[in-house]
Amino acid sequence: MKHIAILGSTGSIGTQALDVIKANPTLFKAEVLTAQSNASLLIEQALLFQPQLVVIADESKYPEVKKALAHTNIEVKAGHDALCEAVVLPQLNIVLTALVGFAGLKPTIAAIKAKKDIALANKETMVVAGDLVTALAKENDVKILPVDSEHSAIFQCLVGEQSPIEKIYLTASGGPFRGKSKADLAHVSFKEALKHPNWVMGAKITIDSASLMNKGLEVIEAKWLFNLAVEQIDVIVHPQSIIHSIVQFEDGSMKAQMGLPDMKLPIQYAFTHPDRIISDFPRFNFLDYPQLSFEQADTQTFRNLALAYDALRKGGNMSCIINAANEVVVAAFLKERIGFLQMSDIIERCMDRVSFVENPILDDYFETDKQTRIFAEELI
Ligand code: NAD
Ligand code: MG
């Protein structure tokens, strides 16, 4: 039996993780559920899964959750610091980080220090501080199990391999604006950007997918998860999202992992690795997809992907800058305060202007995140 904490249980990944747990009650137990502010869904989940602890990060919602669960044995806590307390419960084996953004960093570090394996959905943590997080995981003998579909694909392709990787190809759907020109993009609305062709996900990652920042963040995430040089990471647009990513070895052989786009599979694999368990997830049929196609990513139009490669090449705190700037511009785009193309402009200016730190320690990342948010807000 694996005892699991889900940070962000009310979100897209969190609810799918609970579906996986519900389908396998003899293998998995949800012990901790947390949400930012969706009290009603958190309460509903708590009553169904009977975890030991729930955390509502938004403290104003605490009385509502506390009252609804008063007749149960479930402990209720509130506030962001409580996330760090929640991940250290002794019975936990795995912490699934399914919350959004920089907010994932602190609880992920707390969980690693408490020697809990991390099922990593929260890619922003790796983008911000991949160097420190991977070193800390090694030091504590903790596994980081990728949940992001591309990274799960690479991880699955590497099972049983001793030989070095020559390179990897991360596949990208291209998002809802694939093939569009800059002129087309100047006036797209957030509602259009939220219509992803293949995946239903939270708002932030859906906008990131439309702007190709998601793929940029994934390039950085891959660097740290698989210990690769920038030149070893390539991106290929594959609009059908059937091949989830590819590893190329030194003899030229390539291994790909494929299947229908369904996040339940990588979530479940992170929970069961190195084993697989029987599932009733829908099966892929080749004849439904007589053509799988591939094309080059358009980094002239979608500059975020190029900016992410720049950040990785520059190193230091540059990926932390790009992440913070991106979180601010995505929130601003969702509120119609800026247009689609302005997102990349503002990110680039933050990369030029926020103080560069060559060899950051953890405090530098918190400071960089803060400074970048202030500067990005000024630009907006
Ligand atoms: P979502 O917006 O649907 O859900 C986010 C969850 O985290 C919610 O439960 C929310 O209450 C909680 N949360 C949000 N901000 C928080 C904060 N500041 N503090 C505490 N809790 C907070 O997001 P999602 O689509 O499930 O994505 C979650 C993470 O997984 C992201 O890092 C995303 O990049 C990654 N991811 C998602 C998918 C996907 O298919 N949705 C795929 C790959 C990776
Ligand atoms: Mg992905």
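Heads up, the Cβ atoms here are built off N, Cα and C, so glycines get one too.
Here is what TrEMBL says about this protein:
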type    : residues                                             : note
BINDING : T10, G11, S12, I13, N38, N122, E124, G202            : NADPH binding site
BINDING : K123, S149, E150, S173, H196, S209, N214, K215, E218 : 1-deoxy-D-xylulose 5-phosphate binding site
BINDING : D148, E150, E218                                     : Mn(2+) binding site
DOMAIN  : 4-130                                                : domain '1-deoxy-D-xylulose 5-phosphate reductoisomerase N-terminal'
DOMAIN  : 144-226                                              : domain '1-deoxy-D-xylulose 5-phosphate reductoisomerase C-terminal'
DOMAIN  : 258-373                                              : domain 'DXP reductoisomerase C-terminal'
Close-lying binding-site residues around ligand 2 among I13, N38, D148, where CB distance stays under 6 Å: D148
Counts of helix, strand and coil residues, the domain '1-deoxy-D-xylulose 5-phosphate reductoisomerase N-terminal' (4-130), according to DSSP: 60 helix, 28 strand, 39 coil
Pairwise Cα distance for N38 (NADPH binding site)/K123 (1-deoxy-D-xylulose 5-phosphate binding site) [Å, integer]: 22
Spatial neighbour of D148 (Mn(2+) binding site) that is closest, considering only the binding-site residues G11, S12, I13, K123, E124 and their CA atoms: K123
T10, N38, N122 as binding-site residues, winner by CB count within 10 A: N122
CB contacts for D148 (Mn(2+) binding site) [other CB atoms within 10 A, all chains]: 28
Among E150, H196, N214, the binding-site residues whose C-beta sits under 6 Å from ligand 1: none
Sequence-distant neighbours of N214 (1-deoxy-D-xylulose 5-phosphate binding site) in its chain (C-beta under 8 A, six or more apart): A172, G175, I205, D208
Which listed residue (G11, G202) has most other Cβ within 10 Å, given these are binding-site residues: G11
Between E124 (NADPH binding site) and E218 (1-deoxy-D-xylulose 5-phosphate binding site), the C-alpha gap once rounded to whole angstrom: 9
Model confidence over the domain '1-deoxy-D-xylulose 5-phosphate reductoisomerase N-terminal' (4-130), averaged pLDDT: 98
Span of K123, S149, E150, S173, H196, S209, N214, K215, E218 around 1-deoxy-D-xylulose 5-phosphate - largest C-alpha separation, Å: 19
Packing count at E150 (1-deoxy-D-xylulose 5-phosphate binding site) (other Cβ atoms within 10 Å of its Cβ): 28
Among E150, H196, E218, which are recorded as binding-site residues, the nearest neighbour of N122 (NADPH binding site) by Cα: E218
